[in-house]
Amino acid sequence: MLQLNENKQFAFFQRLAFPLRIFLLILVFSIFVIAALAQYFTASFEDYLTLHVRDMAMNQAKIIASNDSVISAVKTRDYKRLATIANKLQRDTDFDYVVIGDRHSIRLYHPNPEKIGYPMQFTKQGALEKGESYFITGKGSMGMAMRAKTPIFDDDGKVIGVVSIGYLVSKIDSWRAEFLLPMAGVFVVLLGILMLLSWFLAAHIRRQMMGMEPKQIARVVRQQEALFSSVYEGLIAVDPHGYITAINRNARKMLGLSSPGRQWLGKPIVEVVRPADFFTEQIDEKRQDVVANFNGLSVIANREAIRSGDDLLGAIISFRSKDEISTLNAQLTQIKQYVESLRTLRHEHLNWMSTLNGLLQMKEYDRVLAMVQGESQAQQQLIDSLREAFADRQVAGLLFGKVQRARELGLKMIIVPGSQLSQLPPGLDSTEFAAIVGNLLDNAFEASLRSDEGNKIVELFLSDEGDDVVIEVADQGCGVPESLRDKIFEQGVSTRADEPGEHGIGLYLIASYVTRCGGVITLEDNDPCGTLFSIYIPKVKPNDSSINPIDR
């Protein structure tokens with residue numbers, strides 16, 4: 001039954017909030033420490049006070065015993081003279097009473113005259129005859145007192161009497177109280193301060209633990225470990241100084257780190273990932289879909305700062321292999337291009353069929369025949385010219401779809417004569433190169449549609465005849481405002497920021513690809529209006545990574 005009650009009490013204590021448990025533990029410990037200190041100081045003061053009273057009483061007794069007037073009065077048994085001397089001494093000193101006796105311990109003087117002539121109490125057998133001084137505590141005729149007794153010697157050294165100096169215990173208790181009461185007050189104040197500090201400490205711990213219990217924190221840690229292990233992306237967390245605080249299995253696998261995760265914790269990220277700029281520079285800034293290179297692996301990386309209020313605790317970086325994303329992107333791009341081409345062709349085919357139906361109804365059979373032959377010939381010529389000029393079939397397919405799209409939008413896309421592409425520049429695959437060209441053309445289409453000026457013509461020049469692969473896209477659209485030219489290639493920046501939807505990604509993606517290949521982008525005003533984007537990508541990737549990829 002006792003064990004059951006103890007378990008219930010312990011369970012009740014465990015159910016209390018963790019900061020409250022900390023507060024109670026510190027409070028109990030503080031009370032124990034203060035009680036121990038109080039006991040120590042009280043015992044030390046008791047010893048000091050007892051020793052002090054004894055020394056003082058004995059010194060006073062010996063001074064009185066050596067007084068010539070006292071010696072003379074004891075010899076002659078002069079009660080009146082002894083009373084006069086004793087009364088004067090008691091007025092001038094702080095002892096409570098003095099008793100003077102003869103060599104047989106018979107009282108010659110006592111504060112109570114009725115006690116004179118009677119034997120003194122609490123005498124030590126044989127001490128007076130031997131001339132010994134001693135202390136004794138007990139309840140006598142004056143009450144409970146501490147006494148110092150010393151013999152009175154005559155000129156010949158013989159014991160002729162005894163002096164007893166007494167300090168009442170009640171007086172000693174008052175002295176003790178005068179010291180211990182303020183000391184008790186100090187301890188109470190100290191206990192109050194410790195309670196207050198304990199409460200502040202408990203509140204601080206609660207804030208640091210974000211209001212959670214240790215079990216909740218342990219559960220969150222386990223959940224984080226499970227989340228880190230289950231996420232397909234690579235995850236690395238670093239502190240503000242660039243030291244690894246967490247790394248998951250997929251990150252180690254992609255980066256070629258064979259050791260277990262715990263061995264990498266606390267190591268500088270610069271020793272684990274090269275280059276490590278994405279992990280160490282401006283980690284307080286959020287970054288999304290950044291093309292980077294970690295240990296020779298091309299990745300798409302994201303970064304999110306970890307904060308506690310205004311304090312920066314570090315950052316967490318997630319990344320996936322760019323090859324995997326490129327594969328998915330290529331598949332998606334092909335599907336989108338296929339769907340867009342089908343939609344465009346369907347729209348044109350419906351218009352063409354409506355025209356054809358009208359001509360048939362009007363029995364214009366010759367014109368119907370000419371129309372069918374002309375349409376087929378135009379489409380085939382475009383396809384043949386694209387196949388001949390552009391060796392990469394994905395790029396050729398993209399351009400065919402963009403020509404059809406421009407026609408559907410009421411625009412005209414011209415591929416400048418002399419355009420050709422025999423091979424892709426190093427560092428870019430078909431999907432990435434198509435993304436550069438496609439995004440430039442999409443921006444040109446949108447700019448042309450948003451402007452009431454211009455001839456609605458978009459021109460493309462693409463060539464790899466020289467040392468560089470040159471891409472030029474010109475439109476006569478709304479142009480790029482001067483206020484945006486210095487940051488138009490930053491993520492999220494767009495001339496259509498006021499319109500709903502996600503903007504500011506296409507040019508950022510273009511700049512990322514061109515930067516990686518050591519290329520250069522220029523942005524100029526077109527004549528008479530619009531914009532001319534020019535991109536120069538070297539056929540041989542330069543070793544100098546300090547080249548500025550964007551020239552505005």
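Using the three backbone atoms N, Cα and C, a Cβ is placed for every residue, glycine included.
The feature domain 'PAS' is assigned by Swiss-Prot to 222-292.
The domain 'Histidine kinase' annotation in Swiss-Prot covers 344-541 and is backed by sequence analysis.
Among the features that Swiss-Prot reports, phosphohistidine is placed at His347.
The residues of the topological domain 'Periplasmic' (43-182), classed with DSSP into helix (H, G, I), strand (E, B) and coil, number 63 helix, 39 strand, 38 coil. Among the features that Swiss-Prot reports, topological domain 'Periplasmic' is placed at 43-182.
The transmembrane segment feature in Swiss-Prot is assigned to 22-42 (among others); the stated evidence is sequence analysis.
Proximity of distant same-chain residues to the transmembrane segment (183-203), defined by a Cβ-Cβ separation under 8 Å and at least 6 residues beyond the stretch ends, is recorded for 19-20, 22-23, 26-27, 30-31, 34, 37-38, 41-42, 45. According to Swiss-Prot, the feature transmembrane segment maps to 183-203 (among others), an assignment based on sequence analysis.
Note: the domain 'PAS' (222-292) comprises 27 helix, 17 strand, 27 coil (DSSP; helix = H, G, I, strand = E, B).
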